[in-house]
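Peer 1: Could you have a look at this structure, given as structure tokens, before my questions?
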Amino acid sequence: MEFAFYFAAGVAVLATLRVITNSNPVHALLYLIISLLAISMTFFSLGAPFAGALEIIVYAGAIMVLFVFVVMMLNLGPAVVEQERKWLTPGIWVGPSALALVLLVELLVVLARTPSGAGIGHTTVDAKAVGISLYGPYLLVVELASMLLLAALVAAYHLGRQDAKQ
């Protein structure tokens, strides 16, 4: 089980480095999705299936769709759109697809080896404990994170509009 944790953490670090070093926002989004899925796998291997499922649903699902809309709102122009069409060849999908396939195999191995769902810590964190923590001592942190995401969305929209005016 420790191998699954370290392997998922390594994939998360590798994918996050590709997000940071990639100059194309669409390609960076692909690697960000893989990074979020790898972080979800670390939660699963630590025995927190609820946190892993939330990571997939909330971050890899909803927030990534929001990021795609923000990239689309930036309206990069016809030259960039044509360049995007050239970049979106099947070869671009090899890296994220390989990392996603490795994570899928790891998920199947983790689920097959632990029938109880307990991981490295040998305890399972259920939804009730997460809810009590989120709406208890960590309520301010959750609200600050939501405000930070909203500010990032407004800033991206504003920066996109400033470029369009010039």
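A Cβ is built for glycine as well, from the same backbone N, Cα and C atoms used for every other residue.
Relevant sequence annotations retrieved from Swiss-Prot are reproduced here:
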- 1-21: transmembrane segment (TRANSMEM)
- 28-48: transmembrane segment (TRANSMEM)
- 54-74: transmembrane segment (TRANSMEM)
- 92-112: transmembrane segment (TRANSMEM)
- 134-154: transmembrane segment (TRANSMEM)
Peer 1: With Cβ-Cβ distances below 8 Å as the criterion, list the same-chain residues six or more beyond the ends of the transmembrane segment (54-74) that contact it, or say none.
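Peer 2: Contacts of the transmembrane segment (54-74) (Cβ under 8 Å, skipping residues fewer than 6 from its ends): 25-26, 29, 32-33, 36-37, 39-40, 43, 130, 149, 153, 156-157, 159-160, 163.
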Peer 1: Quick check: do the transmembrane segment (1-21) and the transmembrane segment (92-112) share at least 3 Cβ pairs under 8 Å, counting only pairs 6+ apart in sequence?
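Peer 2: By the criterion, they touch.
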Peer 1: In the same chain, which residue numbers or ranges, 6 or more beyond the ends of the transmembrane segment (134-154), come under 8 angstroms Cβ to Cβ?
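Peer 2: Residues 63, 66, 70.
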